[in-house]
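Copied from TrEMBL, the annotated features are:
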- B:20-40: transmembrane segment (TRANSMEM)
- B:84-273: domain 'ABC transmembrane type-1' (DOMAIN)
- B:86-111: transmembrane segment (TRANSMEM)
- B:123-144: transmembrane segment (TRANSMEM)
- B:164-181: transmembrane segment (TRANSMEM)
- B:201-231: transmembrane segment (TRANSMEM)
- B:251-276: transmembrane segment (TRANSMEM)
Amino acid sequence: MKDTDAAFRRAPVLERVIQVGGFVVRRLVQALIALFGVITLVFFLQRLTGDPVLLLVPQGATQADTDVMRTALGFDRPLYIQYFGFLADLVRFDLGRSYVQNLPVVDIISSRVPYTLELAAGALVVAIGLGVPIGILIAVRRDRFEARWLIGLVLIGQSMPTFWTSVLLIMFFGVWLRWLPPSGVNGFQSLIMPSLALGFLSMATFARVTRTSVLDELSKDYVRTGLAKGLSMSRLIAHHLMRNAAVPIVTISALEIANLLTGAIIIETVFAWPGLGQLTIQAISARDFSIVQGVVIIGAAAAILLNLIADLLYSIIDPRIRLPGRDA
Amino acid sequence: MSAALSSIGRVLGRPPIGIVLAIATVVVILVAAIFAPLIAPYDPNVQNLLGRLKPPGFVIRNTHYLLGSDELGRDTFSRLIYGARISLLVAFASVVLSGITGSILGMLAALYRGWVETVIMRAVDIVLSIPAILMAIITVATLGPGLQNVVFVLVLTRWPRYARVAYGQTLIIANTSYLRLSRSMGAGWFHILRYHVLPNIAGAIVVVVTLEFGLMVLFEAGLSFLGLGVQPPTASWGVMLSVGRNYVANAWWLSVIPGAALFLFVLSVNVLGDFLRDRLDPRSR
């Protein structure tokens, strides 16, 4: 009797696990298809729009060199064999060789990854550190003039091109005031401006999401009860409201990290920051196609993974959220 | 006349001052772009080696540099106006092409369900999960930079935005009796979309178009800034900024002015887009 009771109580949990498990599997398959789509696109864009050997050989190579290269790299084989070879290499994390630098692409890319991650982390600190408090203030003081100024700031953040923010920061703090190094990597100081420039755009997103989420919570009964029993607004927000309002903010973080990583491509070029973005732009002008291809595949994989994480967080953190695809 | 105007005003409500300013900014920039040859005082590509890197307001031998000159002595004001032309042209072409493609696919997915829906909406998910800048990089690295390729990338990466909205909006009306009647009378898909679905979902699409237009201008500028978009000597705001950043130390106007134009335009479009969304979508109030 006792056992059936326990089973009874466990049933909804079990169903939830099955439900979530099914959703995770479906989303994983979808993510794999997306990754497969990118890889296929990269392969065929390169093969069908011209001679791929010309993209890979260094500029100024002779016809004989090119022909040797074609046979050596297997570009004289039928297209479908090349395609499966390409996929097989990728499964083994082999992204090919850079024929300009004469190094494996994986090594070149992995030496640059830490810099991009460092920049994205700095930007995320800026974005959350500014965006969440601004969002809370806008929601709480919604009819006061402070809120209007902050909404203006958010709109500006959303409309400032990151490369223009960067140039302005360099002009003010690097050239005129000489407070910060205008470019390069030289300790913590050189991380400040790129992080600000990159984080400012995300700040707007965090502020918007926080505002909506806090506004939703403010209308609930427990807020009225808390205020009625004499809690101060700041204490109420810190101890009760933010726990509920944080769910959408956490999930949007995963998506924003993906945006920051791709946004870094522009910022790195402006600040001569030696991450993946700078590597890619340099590789394009050096006609080093294997690096470009490697960065695009890895970048797309990272973005797809972060998308997946955002979706999973969204459905797992908050049990009230109905899982999509159940009745579709 | 004034009575007519005030009645229009009553219907729309008094627009906030921010909206009026935003509309004015967009109109000024649009007019400048369309009538560039009539407004620009000089040829945007004519060089004057005696007038290199001159500050705004500088006059040299009948040449009046209203907003200064660049490293080859070209007039910044004229380049700004011609640059607006290129930037807006790219944005316009990509918004129209991706809007049409995305809307049609979204409407078809919602109307016909089944495998059509599965294929289209899964494609939407896939494209949305790939960062646009990576698509742009791989396209430019293989096809080379240039105007058409920028538009191609923008259409390739942006159509899902419209497809999602069109899909959602069409689903709402998909089961109405007039649609079923029209289908049972043998109307083709184009007729149904054109006369029954489109009028119902046009408002939502217009909001997406407005918000996307600002993004497209930003995207073009970003690509050109990286050297992957419009190529010099053609003036576009992104190209001008990318040249200007080499002279931050001695010619601030070369990066501040095109950046400010870009910022003001995008800000105005965003303000308008938000306003339209609030007005047209009662749920977001």
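Just so you know, the numbers here start at 1 and follow the chain as drawn.
Positions of Cβ are set from backbone N, Cα and C atoms, glycine also.
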Best-packed against the transmembrane segment (B:20-40), counting Cβ pairs under 8 Å over B:86-111, B:123-144, B:164-181, B:201-231, B:251-276, is stretch B:251-276
Using a cut-off of under 8 Å between C-beta atoms, tell me which stretch among B:86-111, B:123-144, B:164-181, B:251-276 contacts the transmembrane segment (B:201-231) the most. B:86-111
In the same chain, who gets a Cβ under 8 Å from the transmembrane segment (B:251-276) while lying at least 6 residues past its ends? 15-16, 18-19, 21-23, 25-26, 29, 53, 55-56, 67-68, 70-71, 76, 80, 83-84, 87, 206-207, 210-211, 213-214, 217-218, 221, 237-238, 240-241, 243-245
